[in-house]
Amino acid sequence: MTFDDKKGLQVALDQAKKSYSEGGIPIGSCIISSDDTVLGQGHNERIQKHSAILHGEMSALENAGRLPGKTYKDCTIYTTLSPCSMCTGAILLYGFKRVVMGENVNFLGNEKLLIENGVEVVNLNDQECIDLMAKFIKEKPQDWNEDIGE
């Protein structure tokens, strides 16, 4: 793990904690360029905004605003949890070359598809990410199941 990965995951984890404190699903994400500029950050807001699509990664993209697509090719997207199918699609669409996740214990997303498409996938197995997500799933299983399409 590099300093950049620690920094990036901490930004994403802070977003996850913010979502949890708002009564939402504790998944956070951020987009950091190669010069360590945070271009966008966000958290899952499906509950807070009654949204079908505002997962953590989608929220970070939304909050980055309108940027040229090529911008993302030089960025790493950090997420506290393995990306789902929808977020994986967005990662591939915008050409991210690197994804760093906090964990994939509570949910195993589409890491294989990312790797098959040339994206570097790094799993930090962060215990704080694992514990926060597990706590939420235990407290609100119906909200979690809705978030993952079950």
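Yeah, the Cβs are placed from backbone N, Cα and C, and that goes for glycine too.
As annotated by Swiss-Prot, domain 'CMP/dCMP-type deaminase' applies to 3-121.
Counted within 10 Å of its Cβ, the other Cβ atoms near Asp147 (substrate binding site) come to 21, all protein chains included. Among the features that Swiss-Prot reports, substrate binding site is placed at Asn44, Asp147.
For Cys84 (Zn(2+) binding site), the count of additional Cβ atoms within 10 Å of its Cβ stands at 21 [all protein chains shown]. In the three-state DSSP reading, Cys84 (Zn(2+) binding site) counts as coil. Positions annotated as Zn(2+) binding site by Swiss-Prot: His55, Cys84, Cys87.
The active site, proton donor feature in Swiss-Prot is assigned to Glu57; the stated evidence is similarity to another entry. Taking Cβ-Cβ distances under 8 Å and a sequence separation of 6 or more, the neighbours of Glu57 (active site, proton donor) in its chain are Ser29, Gly42, Ile77, Thr79, Pro83, Cys87, Ala90, Ile91.
Broken down with DSSP, the domain 'CMP/dCMP-type deaminase' (3-121) shows 49 helix, 23 strand, 47 coil.
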